[in-house]
2 protein chains.
Amino acid sequence: MASKTLSAKNAAALDKDLMSIGAFSIDQLMELAGLSVSQAVYRVHPPSRGRRVLVACGPGNNGGDGLVAARHLWHYGYKPTIYYPKQSKNELYQRLATQLRNLDVPFTDDFPSALKETDHIIDAIFGFSFSGEVREPFPAVIRALEETKLPVTSVDAPSSWNIEEGPPSSGPGAKFMPSTLVSLTAPKPLVKWFNGRHFVGGRFVSPDIKKKYNLDLPEYEGIDQIVEVGSNGEKL
Amino acid sequence: MASKTLSAKNAAALDKDLMSIGAFSIDQLMELAGLSVSQAVYRVHPPSRGRRVLVACGPGNNGGDGLVAARHLWHYGYKPTIYYPKQSKNELYQRLATQLRNLDVPFTDDFPSALKETDHIIDAIFGFSFSGEVREPFPAVIRALEETKLPVTSVDAPSSWNIEEGPPSSGPGAKFMPSTLVSLTAPKPLVKWFNGRHFVGGRFVSPDIKKKYNLDLPEYEGIDQIVEVGSNGEKL
């Protein structure tokens, strides 16, 4: 039987396949991933509910997806602020950050203060390659996300959660439950522990890749780059 | 007074600015340009009107936009066929073509036969950098586009048209009038001669760049990557 989820190991292998056999550049994939996230935020939190969005970006690809999403949200009329404490020297991420600076999108180092001045939060800190400990300065950020009453949209994984085993049993993230999750390409096993609104995004998977990873993915509608699914992984 | 159109020279300069000051990669821009084209096709010719789309691609960036649009259309449920007689060795275009082959999208060398087996045509042959003569093998293709009764969506410019002066006074393209035009970034002066449905796409222009080129662009709605405009350049 085909699976509705993708293990951390297979998510990494699938990503590699997209860039080798699939012939995608990381620029393309990140653009489409970030676009999916921006569409999910628009769906769950349209600008009429408040235009301020705080985007917490981690040091890797998950953070890059967040930077792309922030740019699209700016074009949709939102007012993003970026928290990006561990900026990589990676040329792509630097360009994505420049694209935001060119829109006068502010970057902040002060997460607690930024949290008081926003309507929605995007958690683009850690993705499917996360494992082990949450490193500085992110433990305090994860704790703040646990405690906030504001809606949080997590990109690919609620940050700090183990990809296969869900929330940590103690420490930062043990009680973190974002209101929305956007699984990129395919849901990861952690969705079993998630009980908010769940979307799948990343409309670029070929039938060959679906077959190779034995994936049973929901069907997208129209021109949507996201599809909402229930707790059983079926399209809503 | 701000202008609603962008000359060929300024379109080239703006493109350069997007990649230098703007910090965009061509992969990103082409992905978003092709996405805009795919959304326009979905709007004017939804799958219920026929899923077959013949995408005629030229040797440069306009052809690349067509390749990206074809991929998105495949994901929307269309059945694209690609006519791409002058395939560049450019690595990006090769990757975009591979992305289509991985979806089993057929490539054809026989434009006249393909024209008999389609419901819609995308003209992604020449864009804003076109000037002078239509080179082989495209004169016959342009003549076929002039004569067909099928709807044609042109990317950025009806191919063969002069960017500033519109349709050629004689030869291939003199009577070419596509049903739809998707102007990328901003309309070019040739829109004065165009009387079909007109969209602007490419939702990535920053206020600084708009100001530098003194552009008066229509506002996009919601998460749309396209906006329909009337013959006066105002949003419909």
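Placement of Cβ uses the backbone N, Cα and C atoms for every residue, glycine included.
Record note: TrEMBL gives A:N62, A:D123 as K(+)-binding, and the candidate from A:S20, A:S25, A:S159, A:S160 in that site is A:S159. Annotated (6S)-NADPHX binding in TrEMBL involves A:N61, A:N62, A:G63, A:G64, A:D65, A:G127, A:F128, A:S129, A:F130, A:S131, A:G132, A:E133 plus, out of the candidates A:D109, A:D110, A:D156, the residue A:D156. Here A:F130 ((6S)-NADPHX binding site) is positioned 8 angstrom away from A:S159 (K(+) binding site), judged by their C-alpha atoms. Within the model, the domain 'YjeF N-terminal' (A:11-217) carries an average pLDDT of 97. Less than 8 angstroms from the CB of A:D156 ((6S)-NADPHX binding site) sit A:N62, A:D65, A:G127, A:F128, A:L181, A:V182, A:S183, A:L184, A:K188, each of them six or more residues away in the same chain.
Here the binding-site residues are A:D65, A:D123, and the one with the most other Cβ atoms within 10 Å of its Cβ is A:D65. A 10 Å radius around the C-alpha of A:D123 (K(+) binding site) takes in these binding-site residues out of A:N61, A:G63, A:G132, in sequence order: A:G63. Its own atom aside, the Cβ of A:N61 ((6S)-NADPHX binding site) has 25 Cβ atoms within 10 angstroms in the protein chains shown.
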